Amino acid sequence: MRGSHRAAPALRPRGRLWPVLAVLAAAAAAGCAQAAMDECTDEGGRPQRCMPEFVNAAFNVTVVATNTCGTPPEEYCVQTGVTGVTKSCHLCDAGQPHLQHGAAFLTDYNNQADTTWWQSQTMLAGVQYPSSINLTLHLGKAFDITYVRLKFHTSRPESFAIYKRTREDGPWIPYQYYSGSCENTYSKANRGFIRTGGDEQQALCTDEFSDISPLTGGNVAFSTLEGRPSAYNFDNSPVLQEWVTATDIRVTLNRLNTFGDEVFNDPKVLKSYYYAISDFAVGGRCKCNGHASECMKNEFDKLVCNCKHNTYGVDCEKCLPFFNDRPWRRATAESASECLPCDCNGRSQECYFDPELYRSTGHGGHCTNCQDNTDGAHCERCRENFFRLGNNEACSSCHCSPVGSLSTQCDSYGRCSCKPGVMGDKCDRCQPGFHSLTEAGCRPCSCDPSGSIDECNIETGRCVCKDNVEGFNCERCKPGFFNLESSNPRGCTPCFCFGHSSVCTNAVGYSVYSISSTFQIDEDGWRAEQRDGSEASLEWSSERQDIAVISDSYFPRYFIAPAKFLGKQVLSYGQNLSFSFRVDRRDTRLSAEDLVLEGAGLRVSVPLIAQGNSYPSETTVKYVFRLHEATDYPWRPALTPFEFQKLLNNLTSIKIRGTYSERSAGYLDDVTLASARPGPGVPATWVESCTCPVGYGGQFCEMCLSGYRRETPNLGPYSPCVLCACNGHSETCDPETGVCNCRDNTAGPHCEKCSDGYYGDSTAGTSSDCQPCPCPGGSSCAVVPKTKEVVCTNCPTGTTGKRCELCDDGYFGDPLGRNGPVRLCRLCQCSDNIDPNAVGNCNRLTGECLKCIYNTAGFYCDRCKDGFFGNPLAPNPADKCKACNCNLYGTMKQQSSCNPVTGQCECLPHVTGQDCGACDPGFYNLQSGQGCERCDCHALGSTNGQCDIRTGQCECQPGITGQHCERCEVNHFGFGPEGCKPCDCHPEGSLSLQCKDDGRCECREGFVGNRCDQCEENYFYNRSWPGCQECPACYRLVKDKVADHRVKLQELESLIANLGTGDEMVTDQAFEDRLKEAEREVMDLLREAQDVKDVDQNLMDRLQRVNNTLSSQISRLQNIRNTIEETGNLAEQARAHVENTERLIEIASRELEKAKVAAANVSVTQPESTGDPNNMTLLAEEARKLAERHKQEADDIVRVAKTANDTSTEAYNLLLRTLAGENQTAFEIEELNRKYEQAKNISQDLEKQAARVHEEAKRAGDKAVEIYASVAQLSPLDSETLENEANNIKMEAENLEQLIDQKLKDYEDLREDMRGKELEVKNLLEKGKTEQQTADQLLARADAAKALAEEAAKKGRDTLQEANDILNNLKDFDRRVNDNKTAAEEALRKIPAINQTITEANEKTREAQQALGSAAADATEAKNKAHEAERIASAVQKNATSTKAEAERTFAEVTDLDNEVNNMLKQLQEAEKELKRKQDDADQDMMMAGMASQAAQEAEINARKAKNSVTSLLSIINDLLEQLGQLDTVDLNKLNEIEGTLNKAKDEMKVSDLDRKVSDLENEAKKQEAAIMDYNRDIEEIMKDIRNLEDIRKTLPSGCFNTPSIEKP
């Protein structure tokens, strides 16, 4: 089929309905022609019915056919009529485009000239009744169908049917039957009809289109409304509206029409019967129920209506959510039936259609989710238990208390009706003094006024207690407090008990006592001081009976209380200090220190007007101050209750300010301090009586009982009491110092050791713990803990062993003569070339040195090792043996050894230098390994006879080339001591740029001159044609004429010569003729000079243009110079970035290795007894802190390494851009060089042309002058006119000469300027090349910096290793001290040697710092540009400082420390693996590093960290050595204190609950991992959806089609 988007208009009318259909079709066509997007409203904007345009809904829509010919290919024949006529047969092949007849041809464009059709298989393949073929058309959306038309390519079927579906998932409904046997085939009456009132949705059957003729081109048109009685009232017929609605159309072909000849089963006949349809058209409109004028594709590529009239849905079949005021209806011609909005009074955006409401009110919109607490179908009233003050305001909740109000509904003002005893607008609270709101009202409060504040809680009745009071009614003191009284702002007084007990009560037997001064007799011990503490005068008045101070300056003076007010005044705590005071002037200036109390190292003060006191005045006023720390009495600084009582318990000073202005006086009287004392009188209830714990005694727990001592003696009664620690050798001790009275040969403050000359374990607690030492002379001894063997501990220097029978490490000899005669132990002699801290430096028997350092060897380390040279006995290690460093290429047999004294290597022939690393002058090729070869430079051609040390290329004279400078360069000549000269042959005029030996060039035809740069006579230079061209033939006459003029000129010159001599006489006529001839020649010369002038002017114009061009080129060169400078800067930055990045990786690796080694080396065992004087607990603690610090550094390194990895990519990208910029610069330089050569050639051409013009003009001028001279020498035989003309000629010649001179001068100036520009350009080019070379060297410098950083890292690691070795030795030393006291004393004697080793280690550290400093210097360049990095570094430093402080505050138990270190080591190993992976990534991306200004700063910080780490480690070792050096003065009390602190630290470690925190972190990590997995799953689902959408998009058509109206022909 070649179908059309528009259905065929020519349907044959039949029946009574066709005129109506014609009118409807015409109206539809007119409506579609004027269809527009806004036709759903009329010109006044009122809604009206609108419909999409009438279209062929089947156009280009895919039809699904259940049978199609061509698979496999088959033959069919065209039916031509009666039997016997020859049939025309063809082939149907689905694989051949021109032979296929697929279902797509049913709905394609209908072209009558080229008909296409769908075709089924033939009857030969079994296509005939009862088998059927279905053609199914899926419209993709509901349409209002007007007709269905089929055009058959063969004869029409005998029987076929049309079906439709109203919904895509609905059943197939018969639409129409066509059959010549309706009753037999479809059980339908033939040509039936529908009566009025009948079922208008039934399908009819007709035989009208079932004839076999025509054999082709037969049409079948089905009109959906034809024969339906309600078609004239379609808008009011829901049955017909449903009838015309279809989403799918199916045509079922049931039986073929035949001539009956198929009964003979002739294959050719059977091949002529088949179904073939050329056009399948469905006329209708997209179904939108009158509420849309168009349909369009949605986001899912589905066809939907573009709904108006507040409707929505695929077919506009529903009202929008808020437009439910009336039921949805289909639009009609009379009414648009648009959906109307609900009336919710602006308080809701949601509603639904309420049929009951619609029937009762005419408005069916029932609002939901009313806002502002409104209710009703239209949100017109407040909800229950809500109110509003105005109709336009929101409703507010009454909030009436359900307990305290009589009703939950309030009045229009929001006030509730309260029950008796309840108050408030909401009846939600009790009246003052009542509590517990219930159904019966509120109950009265029952608070104790001494311990409560204000009223009770209105909900629970619980009273609000003072700070130190508890109980429902605040009727008792909290534990640790006593003496409940109303005057106390805290209610109760805290127990003091010197901090040892929190249980106390009121003491019995104490009465009120006042300490006072009334000044009736004298000043009563009071004195005065100035502000700085110096004494001041005090006056006592017998008349006023007071004391006074007078100030003559602005600085105040104070009254100082006497001793009776001081001392132990803790019984005045919570009581008052009062005095009477006045001043003589009202001008007062108060301060925060008007009343000052001092004691127990504490100091508090208050202003005079504090605690409600008045300003000082001229009238005597009594001032009262309560001695209490409560905030109501603002003593500053604020103290705790215990601190305030501690101050009063040792009160050392009371100061009362006396003067408050300059030159004023203050008067003090009646000072009273309330206190208490034992005895009868008014009871003093504020005195405590403590209940003391075990070991304490006294009313205030201020004493230690017998058998107990002060834990910290210098704290006095504030120190805790602990049991006497005498190890069973004493039952009592001094209660203040704790020193035991030892017996049983024990000694020490706690009897913790044996007396001198005794050995044993005095801590066992028996009388036989200490036994006499078996050593000679009763010297000291010790017991080996494991073997219990007694060994002597005070052997002579250099000896060791259980009985001093062996030489100590570092000594040799045979003290017992076991290997010969007895030889005392002597110090090893190794020429100071051993490490004094090392073990086994020499053989203890022979003294042979075994561990020589500084590259030395020999029995006494007295010579250099092979491959080294120098002085092995030099005092400075740096001056000892150094590596030979012989050059492998220049040394005989590639030896690495040299003279052990001078270091001179054995060189190959013609090789020189101590390391054989250079060739002799005039030789080269050291890399050959066979010695250097002679340069053989030519004596004349080379400059100095030297050559390149690698290539052998000699340095040649200008213009000379060759390996040995033996020949001229191309286009040069004249080989000699000054070099070769350039031929300078003109490229156009010479046959070759190479000249002859005399420098002359071979010229082309028409050129002359040594350089072939001039045209031959009668030749001219044509710019548009290369070379000198011969002048046209006419110029030969000129040449001849010139030859004649030359002959005549010679004759004239001869004549003038003859006139001068007078040898020949000339007649007047002859002279006149010759004069006229001369005049003509002069005129010709003048014309030639004028022509030369014009040529010169043209030349000047050309020179001006050249100058302009040169200026622009110079400007561009300047830009290129700037680019080169920027490129150099960028290259320098890139070099620094690469260098810093590489160094950063090395530093990170080194820091991790250091942390790992340090962490692995801190596993120390705890000594068995902390009371041992040789205990090395401090050493173990320092090791633990060292491990913690290295762990922190390792964590920092991991983070820094990751940052370095990230920033390395940026650094490399910058380097690539820099190199790309350098390549671009090199290209621009090359281009500029080429343009410069072009400009230079043009300038040279102009110079040559100017020179030729100059020569021609000069010759012309000379000739003119000569002619004038000749004329001037003639006798005045002619007229005056001739003379004037001659003068004019002379003047013109002079002017011409001046003009030529001026032009020549301008040209020379221009040429000089050109030379300057040329030099400047050459310099710029050279500078560009230099900058490029500098950029090329940056990578080499980066490599060198990397090597330097690696060397620095190596030195740092070596230094750290040496320091660790020292630490290990010290740990070993710790073990030996515990085993043998004698060995410990010997180690103390070695401390100077150890200090020397530390000095050498410091020296090596400084060397490492210097090596690291070179890397840090480069990084410092970015310091000012990295404020953020500094902030980060500062934060890290603060964090490290905090960590160190925390480590110093806690001394963890050594065994727990070992476990912690093991865990930390595992973490370090994991961090190392992670860092290794990061480093591998960094190595792969090393050359892709980027702008690393931040990375450079971080590299500097890390370099500094490395340096500080080494320095800190050495400092720790020095501290440890100092502590080792002080072992002989061990403080046993200090050791006990450390042991106690260690136990506290252990408790703190347990309290910190690290295991739980780690577990929590692991759980959080698992949660995060699960969340990440969920995110990954979501991402996978989203990606699947995206891929599905992409597949859908690919199946969509690439465009839309806008075809003509369906009703147009």
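FYI, residue positions are counted from 1 along the chain as it appears here.
Glycine too: its Cβ is placed from the backbone N, Cα and C atoms.
The coiled coil annotation in Swiss-Prot covers 1038-1609 and is backed by sequence analysis. The disulfide bond annotation in Swiss-Prot covers Cys370-Cys379, Cys382-Cys395, Cys445-Cys456, Cys828-Cys842, Cys864-Cys881, Cys884-Cys898, Cys886-Cys905, Cys907-Cys916, Cys919-Cys932, Cys935-Cys947, Cys937-Cys954, Cys985-Cys1001 (among others), and the record cites sequence analysis as its basis. Residues or ranges marked as domain 'Laminin IV type A' in Swiss-Prot (evidence: sequence analysis): 514-689. Swiss-Prot lists 724-772 with the feature domain 'Laminin EGF-like 6'. Taken from Swiss-Prot, the feature domain 'Laminin EGF-like 9' covers 884-934. If you look up Swiss-Prot, you'll see 1030-1609 marked as region 'Domain II and I'. The signal peptide feature in Swiss-Prot is assigned to 1-33.
Sequence features, as recorded in Swiss-Prot, placed on the structure.
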| residue | record | DSSP class |
| --- | --- | --- |
| Cys379 | disulfide bond | coil |
| Cys456 | disulfide bond | strand |
| Cys828 | disulfide bond | coil |
| Cys842 | disulfide bond | strand |
| Cys864 | disulfide bond | strand |
| Cys884 | disulfide bond | coil |
| Cys932 | disulfide bond | coil |
| Cys985 | disulfide bond | coil |
| Cys1001 | disulfide bond | coil |
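On the backbone, the CA of Cys905 (disulfide bond) and the CA of Cys382 (disulfide bond) stand 111 Å apart. Neighbour count (other Cβ atoms within 10 Å of the Cβ, all protein chains): 25 for Cys881 (disulfide bond). Annotation for Cys379 (disulfide bond): same-chain Cβ neighbours under 8 Å, separated by at least 6 residues, are Cys344, Asn345, Arg347, Ser348, Cys367, Cys370, Gln371, Asp372. In the domain 'Laminin EGF-like 6' (724-772), helix, strand and coil residues by DSSP number 3 helix, 12 strand, 34 coil. Here nothing among the disulfide-bonded residues Cys395, Cys842, Cys864, Cys919, Cys985, Cys1001 falls inside 10 Å of the CA of Cys937 (disulfide bond). Residues near Cys919 (disulfide bond) in space but far in sequence (CB under 8 A, at least 6 apart, same chain), listed by position: His910, Val911, Thr912, Asn925, Leu926, Cys932, Ile949. Cβ neighbour count for Cys954 (disulfide bond): 27 (other Cβ atoms within 10 Å of its Cβ, all protein chains included). A Cα-Cα distance of 32 Å separates Cys886 (disulfide bond) from Cys842 (disulfide bond). Cα of Cys1001 (disulfide bond) to Cα of Cys456 (disulfide bond): a distance of 128 Å. Across the structure, Cys456 (disulfide bond) and Cys954 (disulfide bond) place their CA atoms 112 angstrom apart. Classification of Cys898 (disulfide bond) by DSSP places it in coil, neither helical nor stranded. Per-residue pLDDT, averaged along the domain 'Laminin IV type A' (514-689), amounts to 93 for this model. Geometry remark: Cys445 (disulfide bond) versus Cys935 (disulfide bond), CA distance 120 Å. On a Cα basis, Cys881 (disulfide bond) lies 37 Å away from Cys935 (disulfide bond). The two recorded residues, Cys382 (disulfide bond) and Cys884 (disulfide bond), have Cα atoms 105 Å apart. Cβ packing within 10 Å was compared across the disulfide-bonded residues Cys382, Cys456, Cys898, Cys932, Cys935, and the lowest neighbour count falls to Cys382. Between the C-alpha atoms of Cys907 (disulfide bond) and Cys947 (disulfide bond), the distance comes to 21 Å. Under 8 Å, Cβ to Cβ, and six or more positions away along its own chain, Cys842 (disulfide bond) finds Gly810, Phe812, Cys828, Cys830, Ile834, Glu848, Cys849, Leu850, Lys851. Nearest in space to Cys881 (disulfide bond), taking C-alpha to C-alpha distance over the disulfide-bonded residues Cys395, Cys898, Cys916, Cys947, Cys954, is Cys898.
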